[in-house]
Each structure stands twice: as structure tokens, then as C-alpha cells.
Amino acid sequence: METTTPQSKSSVSHRPPLGREDWWSEEATATLVEAWGNRYVKLNHGNLRQNDWKDVADAVNSRHGDNSRKKTDLQCKNRVDTLKKKYKTEKAKLSPSTWRFYNRLDVLIGPVVKKSAGGVVKSAPFKNHLNPTGSNSTGSSLEDDDEDDDEVGDWEFVARKHPRVEEVDLSEGSTCRELATAILKFGEVYERIEGKKQQMMIELEKQRMEVTKEVELKRMNMLMEMQLEIEKSKHRKRASASGKKNSH
């Protein structure tokens, strides 16, 4: 009785599916992302031209292509579009992504592109993720990416708890730092203006109280003077009346 030994999944994943000319291995995808990313940065994050895509395809074929399965510029472009869609899906997840190409695409097409003072995005070299047994994690296409993510599981999650921090130059050329500095300066100016306004209000209130006090004192003095004049007038009238009586 013959016994058959089941093939391991890793060995099968290296083989391109029959009839799949658009099949991409993990390593070919890594080379594609690096070649496309460099062109994308040199074009100041603009769209690649046809000649650029041909150069990207040449870079992939020089390392991973054979005569029967060379990648065309159109296949490279379609693959990058697929990777962008995959990135958006990973970006929308609440949990940290364990996808191999997430960090690199986040640097290239994420909401905030990290630039150095010279305006060049610093690229981080790709590293093969290791599973707990130490073997390289490989896959075929984006359909296999989800399977690979499940296989790696918590190991990659732990590995990504301490990712290598990219060096970001926060010099005068950093737009984020300039914006933060401008906001801080605006806050300081606003605080000084508000402080001066409060000081002016206090001074005006003091002046108003001084004027009110002075007016009140003048009014009381006038009333007292008027009262004295009235008393003097009454006194003169009494004296005059008593003098007339004595003369009779």
C-alpha cells in the first residue's frame, strides 16, 4: 500500500497557479513596491508615465522574471492599484495591520507623507516577517495575503508592537512643525491681546469709579454750600425782623 506525503502549504504557495499569468509572489511584489515607490517619490508623488512603468517592470523582471512569466508595465500598474485598494482596506481596520506592505504604502500614500528637509521621502528597507519557527513568510497574490495574515497571527502583532521608528527630520522644512509653531505663536499673541484687554477694562473701571467719586463729592459740597447760604439768609431775615421791632 502506497502512502502519500501531503505537501506543505509553503511549498505550494511558491508555485504560480495554472493559467494565472498575473500571479505575483511576495518577493516580486516587494520589488515592485520599492521600484514604484522610488519613481513615485522622484515625481513628487505624481502619476507615473508609461516609460516609468516600463522601468518598474524591468526592475521586477531583472530579479524575479523568467522568459515565460515576465511582467508587463500594465501588469505592474494593475498590481499597484490592487495594493492601494488593499492598503485602504487595512487602513480602515480598527486593529493594527499585520500586512507586510502596509507600513511602506502608509509612508508613500498615507494621509501625511513623512518628508525630510530636502523633500525626499526616506524609504525603509523591506524585511521578511518570520513566523515563530523562524521560516520566512511567503505568499502568492492578494488572495493569499489574508491567509498569510491568519497564519502569522499574534507573532507579527507582537513584532509590530515595537516597530522601527523612521527618522523624520523636523527642521524648518517640515510643514507640520511650521504649522504647529504658527499655531503656538498665534495662541501667544491672542493671550497677550486678551491680557491687555482685561488690563484696559480694569483701568477704565478704576477711572470710572474715580470720576463717580469726584462727581459725588462735588455734588455734596454744592448741597452743603447751598444749605449754608439758606441758613445765612434765614439768619439775616430774623435779624432784620427783630431790629424793626425794637425800633418801634
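Just so it is clear, glycine is given a Cβ too, placed from its N, Cα and C backbone atoms.
From the options 64-84, 190-210, the stretch Swiss-Prot describes as coiled coil is 190-210.
If you take every residue in the coiled coil (190-210) and average the pLDDT, you get 92.
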